[in-house]
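Trainee: Encoded as structure tokens, here's the structure I'll be asking about.
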């Protein structure tokens with residue numbers, strides 16, 4: 001499968017974050033922030049130029065397109081992938097990077113084009129709030145698992161079982177590979193819609209780092225799947241989304257607990 005790379009020329013971080021949030025509602029497989037702006041990648045048959053042009057015009061951000069082979073994109077990504085340490089407690093690195101000495105948790109990934117490498121504020125914020133939760137012996141659901149790093153960290157933090165789902169075959173393949181690299185034997189990765197999960201299979205903790213559109217659409221599903229007394233962590237939303245997400249969560253039955261904001265991106269914690 002060939003991919004199309006769209007290169008947006010945007011310098012300001014706030015504009016870049018807004019662009020990324022709007023594009024995340026489309027079927028993009030990966031985002032790459034550069035000095036010149038933002039590169040996004042999508043399977044060529046899924047490219048919706050009308051929707052992209054509308055966003056480009058609305059934000060007044062020009063872009064160019066380029067056809068790129070899947071394998072070449074992976075090689076370029078892996079060549080430029082740099083390790084990251086999240087608040088001094090968890091490192092995320094490729095297998096060719098040395099393991100840091102000063103972290104308690106270490107995750108080795110092959111990022112490919114799946115979302116979630118720890119470099120973006122949403123993933124980093126999710127992992128930071130995860131550090132403050134008690135995962136020991138808990139059943140965890142990672143909704144939109146991407147690279148699988150949140151699921152892997154959940155196991156490392158002591159979860160008894162973790163179910164990670166995604167609707168993208170490439171993400172599933174990547175997440176399974178990453179779980180193998182990290183010997184995450186308690187993580188079950190499935191390509192599955194959230195509707196297919198039995199309501200009787202409830203979870204102590206739900207992780208959902210996706211986008212506003214998906215979070216709003218499936219808020220009631222997440223409430224049904226969370227045990228009473230459980231915790232929901234959400235990210236992939238901007239500061240201007242806080243009110244609508246909080247209202248949707250409250251209408252579903254969740255209670256607001258806390259939030260974390262980094263570079264205009266928000267991670268929110270709710271209870272049931």
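Just so it is clear, glycine is given a Cβ too, placed from its N, Cα and C backbone atoms.
Annotations in TrEMBL come from automatic prediction, not curation.
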Trainee: For the S-adenosyl-L-methionine site, TrEMBL lists 144, 166, 209; sort out which one of 110, 123, 231 goes with them.
Mentor: 123
Trainee: Provide the number of Cβ atoms within 10 Å of the Cβ of residue 166 (S-adenosyl-L-methionine binding site), excluding the reference atom itself.
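Mentor: Excluding its own Cβ, residue 166 (S-adenosyl-L-methionine binding site) sees 26 Cβ atoms within 10 Å.
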Trainee: Per DSSP, to which secondary structure element type does residue 209 (S-adenosyl-L-methionine binding site) belong, with helix, strand and coil as the options?
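Mentor: Residue 209 (S-adenosyl-L-methionine binding site) sits in a strand per DSSP.
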